[in-house]
Amino acid sequence: VWCFSILFFFSGNPLCLSHIPKSISEWLSCCESRKYPSFFLSPTETEEFGPVFIHEPDDVIFSLNSDEKKVMLHCEARGNPPPTYSWYVNGTEVDSKTDYRYSFIDGDLIIENASETIDYGRYQCQAENSYGTILSRDALLQFAYLGAFSTRARGEVSVREGQGVVLMCTPPPHSPEIIYSWVFNEFPSFVAEDSRRFISQVTGNLYISKVQPSDVGSYICLVKNSVTNLRVLSPPTPLTLKTDGVMGEYEPKIEVHFPTSVLAAKGVTVRLECFALGNPVPTITWRKINGNIPKKARLRKSQAVLEIPNIQLEDSGTYECKAENPRGGTAFKGHLQVYTLPQWVRMINDTQMDSGEKLQWECKAIGRPRPNYRWLRNGLPLNDHVEIVNGELTIHKVQQADSGMYQCVAENKYGAVYSNAELKILASPPLFVTNPVRVIATLGKDVSLECKPRASPKPRITWRRADRKLQPNKRITLLRNNTLKIVNSSRADEGNYVCRAENQLGSAEMTAILWVKEAMRVVLSPSRVEVTVGESVVLSCKATHDTSLDVAFQWFFNQKPIDFQQDGSHFEYIQTQVSTVDLMIRSILLKHAGKYGCRAQTSADTVLTEAELLVRGPPGPPGVVIVEEITDTTATLSWTRGLDNHSPISTYNLQARSPFSLGWQTVKTDPVTGDMESAMAVELNPWVEYEFRVVASNAIGTGDPSTPSRKVRTKEAVPAIAPSNVSGGNGRRHELVISWEPVSEEFQNGEGFGYIVAFRANGTRGWKEKMVTSADATMYKYRDETFPPLTPFEVKVGVYNNKGDGPFSKVVIIHSAEGEPREAPSDVKAYSISSSEIRVSWKPPNPGPGRPRAYEVSYWKESEQEESGKKQQTVKNETSMVLTGLEGNNIYLITVKGFNNIGQGPDSAPITAKTRKSRESPAQPPNNLMWIQEGNNISLSWDPVKAKENESDVIGYMVLLKQEGRGHIQVTRTINPSTMLSLPEGGTYTIDVRALSEGGEGAFSSQVRVVTSSGERRHTHLIWTALLLVLVPSASW
């Protein structure tokens, strides 16, 4: 291994600039003395090799309308030395010196101002270095463009109604494929394809199988380039109808169809077209001759297109399309053939050989058609002194001149693939990488001294010791790989052994220095130990060995090295002495039971010794649980013993799970001891699906459960549980309603479960029984016109299933329904409280069956029918209500009726009430306000306000008293145009007066401002009488 010092600059200073060292120790001392970083170049980093492609050129479609006027083909290879590149187009080398349009950037080819006429073709990249040359796969350069339609006007197409027609598109020059559509009359009104109209994506023509008057118009062919997305429109083609009659019916004629032979690459989507003209419009059907159309195939465009995605070899065959109408039919057949590009099955690999050896390379590819093979060396055809049979290349005696880059090319007419490999012919004198070699052997054991020089051709090997050639004997053997083997080594075998390698290019020697040491002994204690789950233990490993040798230890668990980082929570490595180590195992689990190994290793030998750890713990899961026998309430189970984990099993616990249980539940059994492997579970529920499992216990604890048994259902039995919470009541008149809580499916005990409802009038003898067949039923209603409301009944509910009748519930007393209210409310009164409100009150009906739960008030205007009226209900059994949202000055008719859960009672007799007038409030404010102040008392008067014709009558006045600086307003209402106010304390007050009417409040008077002193009170002989002085925040007059 060569190790070099590198001239490396960091912050302007050279780092470790030195000569080539003679040894690794000299190299390390060089760099360490300068305290600079060293750089070590491994042989793999300095190894020289021929070019290998990283990226080969891909096919390119270049748009001539692109703003970027240059084409780039990418090629990249690695190699040492780095490769150089050249390019070929259609087999001719690209010369950038004679054509300025070409330039190279690394391995990429750049073409400026690319032209289809000059640059269209297949391109190959060639990578070359001193070890050889390789050629890339072909890359096709195409150009995308779309020309313009001819501007010459298109002639009119005239046909009879009912006749078929084909409108030609005649697309302009283009590349690559284009997409066709047709415009009817004006853009963007596109022709919709259906069973009568079809646009071929092969010809571009528009086919109309049967022309109708609605088809008359102007047709424009629109084509779109699939790469550039450029669109162009053709001149319009007029379509007209002839006036000499209507075309009669005629048989179909297929106008567009797929070729008789269709070639498709594996994996693409194939679209086969077939469309016919005819009257009536033909129907298209498809079939595959001697086979079925693939299931993945789809019919498009009213069955005119058969689309097969991801085509495979088995999809090949003859396909037929058939066009039929009542006048006849016609068909077309074509063969679909799927081809595949070559794909490698076996490729060639880089090979190194000695001169004179035999080279055999084989490459193999599959494809359809079957690929042919050719071989290249350094990019040129291979012919000289080689034997080529299909994909096999043989050179019987390789020479130095045969070195280079080889390529096997597998190709058919649809493509080619390349497999590349480098052949190196080695030629070097013998060289020993490591010399001398020190070997330490164990006394009494065999030892091998290897001799593996690098050399080509293979050298001749001889061994000697102390200038004497070694001859094979009973203890010394020369193996075929030139290794010297010494059997049962002893101290006398110590010394220097020299291996000499020689070929025609030179010779070299390697010295092996042999030392023989005493065998090492290792003791691991304790050798067998038993612990309980959760405890800890220490294993100690001590090695006795030659003190001149270092010893290393490694711990194993069941032949696998212990990862102390990953398993640090349980395992700890403890170094107690140079030759002794301990293994601490903490919080032991069952999984820690097994073999623990301690391996001690010196440069002379390796010794492994093992100890066994037994872990006592709860039992393991029992074996498979089998249901041996099943009855309606019992199950006999058997199982196999699981591991007892070194503590005898004392008992087994049987558990069951059903759709009705909360997880696993312990089932009742006789005691199940540890030596038993079967038991009977009792007190199970009939006709319930169960799973069973078994759990074992010992002195240490309870183990994991077994896997569940298969699901089994207990047998049927007569029901044993009656319904609960039997009750009832309510219902309509003459009904007896009986309800209960249904019996859970868990306790139905079999199929055909239902209920038996039994009842009798209190005091009678015979029971009436009714069957309720639904297991989910919760209610039964019995109707009899003969019994009065609230008749008491004795009721009980029983159960049954297919096995028989079960028990009845306890007898309860249930009353029949009381019915809907029978009487109307009495003493109904109503009066208006505003222009939009009427208060209604009433008295409830006489007590008795049919008590109202609430009341409903109906009301309607006198000028309307009752059916158009409105209704309002009380929240509970209230006996008054305010009707709101009424119209003013209108007479309303009002009725009241009671209702309950059963139904509604009769209406009361209609009464009338008239809402008040709903005119505007007075617009004239009170005038001529006069006041006399006596201390804190104010006597206030004003002129009465008279309402106008369109205003509501004045019914009083409102006086507003407010103290400045406070938000509270004192309101006084009076029916007279005067009042007396008392000012509560000193300060400044404002007084406003406004008239009141049913239409609302009138305009404010002019404001009066009064100032009083705090605590001042004056006496006066004037007496003012206030007819009404009331503080009312909100009241109706």
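Placement of Cβ uses the backbone N, Cα and C atoms for every residue, glycine included.
When TrEMBL is compared with the stretches 860-882, 906-928, the one noted as region 'Disordered' is 906-928. Looking just at the domain 'Ig-like' (430-511), the mean pLDDT is 90. When the region 'Disordered' (906-928) is classified with DSSP, helix, strand and coil residues number 0 helix, 5 strand, 18 coil.
Assigned with DSSP, the residues of the domain 'Ig-like' (51-136) fall into helix, strand and coil as follows: 4 helix, 48 strand, 34 coil.
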